[in-house]
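Okay, structure first, notes after.
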Amino acid sequence: MTLEKSFFFGPHKICPTQIFYGSKFAYGLVNLKPIAPGHVLVVSKRPVARFTELTPEEVSDLFISAQHIGRVVEKEFSGDSLSVVVQDGPYAGQTVPHVHIHVIPRRQGDWKNNDEIYDDLNKVDNDDRKPRSALEMAQEANMLREHFPENRC
């Protein structure tokens, strides 16, 4: 698969160096403001806002992609569990109107109360979550890309 010159995640233009995985209907992206090490996004290629707008084939590919990506980020970031989260619509915490899955490696004690992860996902403008540099994001994407030779972007 050849990486397109530009990709949009909702209104945000994504630099190709931030994309580490590609399938027929989905991309894997590193996260600008992760809530945990290895927190990545799996995004539908077709720019639709709501999960119910995806075709069955797109849903299948999106979740199979999340499964493949989850195996890798859990291992690479020393997790022993995963949170796989879809925020579908603004009242569910979705802030970018483009279907995506958060894949977050987890470990024992990473949040005092397990459900606090959802509060942290909803804090888009949290000052504690500084945007990462383009270089840092490219380095992470390069490392992850090596795990997906069959799904090169």
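Placed from the backbone N, Cα and C atoms, the Cβ positions cover glycine too.
TrEMBL entries are annotated by machine, without manual review.
The annotation active site, tele-AMP-histidine intermediate is assigned in TrEMBL to H100. Take the CB of H100 (active site, tele-AMP-histidine intermediate) and look out to 10 A: across all protein chains shown you find 24 other CB atoms. According to its DSSP assignment, H100 (active site, tele-AMP-histidine intermediate) is in a strand.
According to DSSP, Q94 (substrate binding site) is assigned to coil rather than to any helix or strand. Per TrEMBL, substrate binding site is recorded for H12, N31, Q87, G93, Q94, T95, V96, H102.
What TrEMBL records for 6-113 is domain 'HIT'.
Positions annotated as motif 'Histidine triad motif' by TrEMBL: 98-102. Within the same chain, residues 8-10, 39-44, 47-51, 53-54, 62-63, 66, 83-88, 121 sit at least 6 positions outside the motif 'Histidine triad motif' (98-102) and bring their C-beta atoms closer than 8 Å to a C-beta of that stretch.
Contacts of Y118 (site 'Important for induction of apoptosis') defined by a Cβ separation under 8 A and a same-chain sequence distance of 6+ are given as V85, G93, in order along the sequence. The site 'Important for induction of apoptosis' feature in TrEMBL is assigned to Y118.
Here is what falls inside 10 Å of the CA of H100 (active site, tele-AMP-histidine intermediate) among the binding-site residues H12, N31, Q87, Q94: Q87, Q94. Neighbour density at the Cβ, taken as the number of other Cβ atoms within 10 Å, is lowest among the binding-site residues N31, T95 for T95. Across the residues annotated as binding substrate (H12, N31, Q87, G93, Q94, T95, V96, H102), the two Cα atoms farthest apart lie 18 Å from each other.
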